[in-house]
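Asks: What TrEMBL records for 26-38 is compositional bias 'Basic and acidic residues'. Taken from TrEMBL, the feature domain 'Major facilitator superfamily (MFS) profile' covers 120-591. Annotated region 'Disordered' per TrEMBL: 26-49, in sequence order. For 169-189, 201-220, 226-247, 259-282, 288-310, 422-441, 453-473, 479-496, the entry in TrEMBL reads transmembrane segment.
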Amino acid sequence: MSTVHSVDKTIHQNNTLGIEIDVSHKEHPNHGKLDDSHQSTGGLGNPLRNIPRDRLKAEASLFAVSLGWPSEIGLFQKAALVAQSPTAFEDIPELTEDDRSVLRNEVEHCWRHPFALYLTIAMNSISAAVQGWDQTGSNGANLSFPQAFGIEDKGQACLASGTCQRNSWIIGAINSSPYMAICLVACWLSDPVNNWIGRRGAIFVGSIFSIIGPIGQAISQTWPQILIYRILLGMGMGLKEVTVPVFSAESSPSSIRGALVMSWQLFSAFGIMLGFSANLAVAGYGDIAWRLQLGSAMIPAVPLLLGIYFTPESPRWLLKQGKYRKAYASLQKLRGNDLLAARDLYLIDAQMSMEQNLIQAQGFDKSNFFKRCVELWTVPRNRRATQASGIIMAAQQFCGVNLMSFYSSTLFEEAGASKTSALLASWGYGMAMFLFALPALKTIDRWGRRTLLLATFPNMCWAMGAAGLAFYIPKDSQAHLGVICLFIYLFAAFYGPERGLVFRPVVHWFIPICWDLRRKLADARQILEPYMASRNAIKAAALAKGELCPFDDLVEWWESEYGPSNNHVINQLTLTIVAIHTTSDLLQQTMIDIVKNPELFAPLREEVVQVLGLQGLKKTALYNLKLMDSVFKESQRLKPVLLGIWRRQALADVELSDGYVIKKGQKVIGDSTHMWSSDYYTDAQKFDGYRFMRLREATGGEDSDKKTAHLVSTSSKHLCFGHGLHSCPGRFFAANEVKIALCHLLLKYDWKLSEDAKPDSNWTVFGMTIIPDPSIKLMVRRRQEEIDIDSLESSE
């Protein structure tokens with residue numbers, strides 16, 4: 001939680017026109033604001049994104065002062081601005097060139113970080129290796145320790161005494177006891193332990209158990225003793241398994257967080273391979289071999305125990321404890337720069353405040369924990385998500401991998417291998433699992449988790465099934481052991497790419513939000529597919545007759561550029577989002593400009609009534625709405641969508657009219673702020689709704705000014721729709737769209753600024769994007785329209 005006192009703020013619930021309603025509540029001054037996007041998507045996004053620039057700087061100052069750092073006000077102001085627009089730091093005037101250089105290096109050299117960060121990841125990777133080694137230590141020992149304790153479950157001795165079945169249960173309990181301890185105790189203790197002593201403390205305690213457990217097993221004299229020590233081993237495994245991935249995520253910068261968090265899964269496989277290697281290495285030590293095999297698992301736990309406290313503590317955990325100075329010091333070590341550390345400190349604090357507000361807003365507090373557990377099954381959406389997620393995780397546990405981790409050496413011995421050969425075969429299994437986990441680091445992002453899962457899981461099924469059937473090959477056949485090993489290794493090869501790398505992340509596919517998104521995508525596909533099928537049939541018929549393709553539009557261009565398999569649904573939805581944003585942005589800003597120039601209401605309404613009353617709602621009528629056209633173009637001039645209208649890269653050297661040469665490969669961007677210059681427009685800083693109408697109707701002057709005075713016209717002066725070959729092709733439709741919308745609004749509604757609105761407030765900048773000031777609120781009321789626009793003829 002933030003240490004800054006909460007103050008009154010206002011949530012602005014925007015409708016599609018940007019008209020806002022006040023809902024006052026309490027929250028932290030610098031962050032934590034929940035908006036509709038958070039409620040609808042369940043994501044947190046950037047909690048600073050909607051805060052005006054001056055307000056953000058003031059809140060950053062308050063943040064620094066409240067923490068006793070008045071000398072760092074300037075630093076935290078810059079940090080807050082960077083946290084708000086992390087990719088647009090080049091446009092933040094408060095930053096020095098040294099600041100920008102640091103931020104550029106973070107992007108361009110994403111793997112160049114301080115030693116403290118890599119030490120943290122190294123310790124977490126060692127912890128994962130300990131986990132894998134712990135799993136396989138008993139694998140080789142299973143060949144010997146039952147005889148040492150008199151609990152063998154095969155042979156004449158147990159058959160004679162009738163204890164074979166009992167002994168099998170004892171051996172099974174010894175092997176499974178670490179995981180029983182994790183399930184019943186360790187996973188539940190991990191939360192309070194993490195809360196009390198932090199991430200490093202939890203890993204430190206876990207490493208103590210990971211040393212005591214193997215040593216205790218190695219010196220055990222009875223099977224109950226080894227059972228107890230394996231339970232202690234499970235306590236350490238559970239604490240580390242829950243804590244380490246979280247510790248990695250909380251310490252890593254966002255640019256490489258995913259890759260570093262994956263070190264847990266990768267090095268778990270590496271630890272399994274090391275465990276099998278150790279089992280093989282000490283196999284020749286006679287009666288104490290099994291003790292060495294069990295005890296060797298403590299080897300990687302020693303550097304973990306000694307090294308974990310040399311790493312910085314999780315800054316997020318320190319913030320949860322209210323230890324802001326220590327969190328800042330930790331981030332300074334992890335990021336290696338004061339600005340980066342301050343940025344992450346401010347952003348983490350903002351995210352934590354937002355999380356708390358989201359929890360409270362949705363009723364997810366401690367008092368209804370058990371109710372939420374029940375709702376996992378009683379609420380249909382939650383039940384489907386729980387079932388799907390549970391099936392995936394259960395499939396991993398029951399796919400056969402645990403059999404191989406615990407009993408592969410025993411299994412190979414049952415297949416006719418000697419003890420040494422069984423250990424060697426198990427080592428090959430561990431090596432295959434580790435080596436085939438490596439490709440997943442690349443394929444998981446290229447192919448996707450779901451694709452990788454669907455590609456590997458069926459193959460795991462037949463490979464394990466074939467391995468089981470191979471036991472029917474006669475033992476005296478040379479193919480018996482070889483075929484079993486072949487299919488088990490194939491199983492490991494298929495399991496490696498999707499083990500932890502896929503199963504955990506793929507669960508997100510089954511949460512309710514993802515169900516909704518896929519359902520909506522399916523609805524869009526259902527709408528578009530009949531049209532595409534008809535279109536393709538017409539196109540095929542024309543081509544079969546030797547005729548040219550009858551279509552010359554965007555869809556045809558997509559197919560010619562990217563092939564017929566191009567995803568038209570995604571393309572259309574993306575285009576729709578872009579079109580809705582720019583259209584609503586212009587309409588919203590024009591409404592604000594009209595209300596700030598209220599003398600425009602009457603002439604605009606008179607024009608609408610006169611033109612539409614005579615000509616109906618036709619394209620020709622919309623063309624004749626000259627004042628409205630001029631008002632839109634003027635609003636667009638003073639507030640374009642972007643500070644830079646288009647981005648281009650020179651494919652060859654280009655010499656400009658003033659002699660300046662743009663070199664091949666250089667990138668350029670068109671400056672739209674020149675539209676505010678008196679070099680191009682008279683009184684350029686002033687809003688003049690009649691500006692382009694006068695140019696359009698002028699009897700003298702340059703003819704080019706008349707031609708470019710329309711909303712849809714482009715020129716080197718007015719770049720809002722681009723200019724030249726790549727002018728916006730949809731501007732004609734967009735112009736008619738916004739005019740029709742404004743006609744409805746003018747005829748049916750009155751609007752004015754709210755009483756608390758700042759008269760000089762207009763728009764704000766986020767990076768290169770200019771948006772209407774989100775703090776502006778319009779008061780709207782219904783009026784009696786002069787004509788019924790809904791009944792007007794609209795066909796041409």
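Count begins at 1; order follows the chain as displayed.
Backbone N, Cα and C atoms are what each Cβ position is placed from, and that goes for glycine too.
Since this is a predicted model, take the numbers as computed values, not measurements.
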Asks: Are there residues at least 6 beyond the ends of the transmembrane segment (169-189) whose Cβ is under 8 Å from a Cβ of it, and what are they?
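Replies: Distant contacts of the transmembrane segment (169-189): 134, 138, 142, 146, 151, 153, 213, 223, 226-227, 230-239, 241-242, 406-407.
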Asks: Short question: most Cβ pairs under 8 Å with the transmembrane segment (288-310), which of 201-220, 259-282, 422-441?
Replies: 201-220
Asks: Please compute the mean pLDDT of the model over the domain 'Major facilitator superfamily (MFS) profile' (120-591).
Replies: 82
